[in-house]
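K.L.:
Attaching a single structure in structure tokens format; questions to follow.
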Amino acid sequence: MQTNFLSQQFNAGSLAENSTACPANATICDGTSCVLPEDNFNQTLSVVLSTVLTIMLALVMFSMGCNVELKNFLGHIKRPWGIFVGFLCQFGIMPLTAFLLSLAFNILPIQAVVVMIMGCCPGGTASNVIAYWVDGDMDLSISMTTCSTLLAMGMMPLCLFIYTKMWTDSDAIVLPYDSIGLSLVALVIPVSFGIFVNHKWPSKAKIILKVGSIVGAVLIVLIAVVGGILYKGSWIISPKLWIIGTIFPAAGYTLGFFLARIAGLSWHRCRTVSLETGMQNTQLCSTIVQLSFTPEQLELMFTFPLIYSIFQLLFALLILGGYRLYRRHRVKTKTDVEKTAQKEDSKSSAKINGGFVSDEMK
């Protein structure tokens, strides 16, 4: 049934006694349930906001591309060690973590499946914006996002087949390859234009990058707020899923960072891999869930992608704040060391040359 409907369950006995229990605008009433058409205002608002957010996202990715050097980008493709480490994190660590969390909290099978779907999704584009703000490797960040989205077409079915067999038939999960393809196109085309602009007009690219990074930060928060407004009716959910939604992104960030460090990557690339691992494409997860399950099943786990999105953003902002404080302290300490070294050099040169030493140098 392609048309979206909202289902309201009624007591079968009361319906049998009183047929007026079914609302007048119900489109289907079979004695056990009444199906109501979706609120047109909410549907229109969703379409409008989705269009606006898509355009804004394309502009943000265009600006992120303005920070990518073509030579460095191709270097990551030719020597893909960093991409390979990111691949292990994205399709190795995240699905395994989702599986272990589902077992540890003993959640319902249908809830375990949605946690697994989230763990098998590719990286989200928000990671590129945060990677810029934490001085990550933008060439690696964008190449990882591109490759994970491309590889998701094969790795998502494989991971879901391996991990969800104990809970459901993997054939019951519908993967929207068209959505994955659109995500790939929406990423590659704007970034390609950004790389071209950076190559031809480097000075203009820097201005575009600064504006785009600010817009991107606003966009990330806006997506979270819009999601909360549109799905405000679905916040009644198992406490276990709230806990998993909190632990899961934190585990992704942490494990991704340590695996990258063990693999010998530099600190700024470790930060990049960490963000690419913990930040998932939650919009894709929501699409898969809506295509694969009935309205009754959606009530048990539909909000989980939004919960994950909120906490992945919260932890990313904490990482950003911590890094900014560290960098400020480091720069301040480094400046003090340099000033001390300069004074020592001035003293030593004055003694050697027999020059005058002021009281400030003593």
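Any Cβ shown, glycine's included, is placed from N, Cα and C.
All annotation found in TrEMBL is predicted automatically rather than curated by experts.
Got these off TrEMBL a minute ago, pasting:
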type: TRANSMEM; residues: 45-63; note: transmembrane segment
type: TRANSMEM; residues: 83-105; note: transmembrane segment
type: TRANSMEM; residues: 112-134; note: transmembrane segment
type: TRANSMEM; residues: 140-163; note: transmembrane segment
type: TRANSMEM; residues: 175-195; note: transmembrane segment
type: TRANSMEM; residues: 207-229; note: transmembrane segment
type: TRANSMEM; residues: 241-263; note: transmembrane segment
type: TRANSMEM; residues: 306-326; note: transmembrane segment
type: REGION; residues: 337-362; note: region 'Disordered'
type: COMPBIAS; residues: 337-348; note: compositional bias 'Basic and acidic residues'
K.L.:
Determine which residues of the chain contact the transmembrane segment (140-163) at the Cβ level, with the cut-off under 8 Å and only residues 6 or more beyond its ends counted.
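P.N.:
Residues 64-65, 68, 73, 76-77, 82-83, 86-87, 90-91, 95, 98-99, 116-117, 119-125, 127-128, 131-132, 170, 173, 175, 177, 180-181, 183-184, 187-188, 191, 269, 272-273, 275-276, 281.
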K.L.:
Can you work out which residues elsewhere in the same chain, 6+ from the ends of the transmembrane segment (241-263), have a Cβ less than 8 Å from its Cβ atoms?
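P.N.:
Same-chain residues near the transmembrane segment (241-263) but 6 or more away: 81, 85-86, 88-89, 93-94, 97-98, 101-102, 105, 107, 111, 115, 118-119, 269-280, 301, 303-304, 307-308, 310-312, 315-316, 319.
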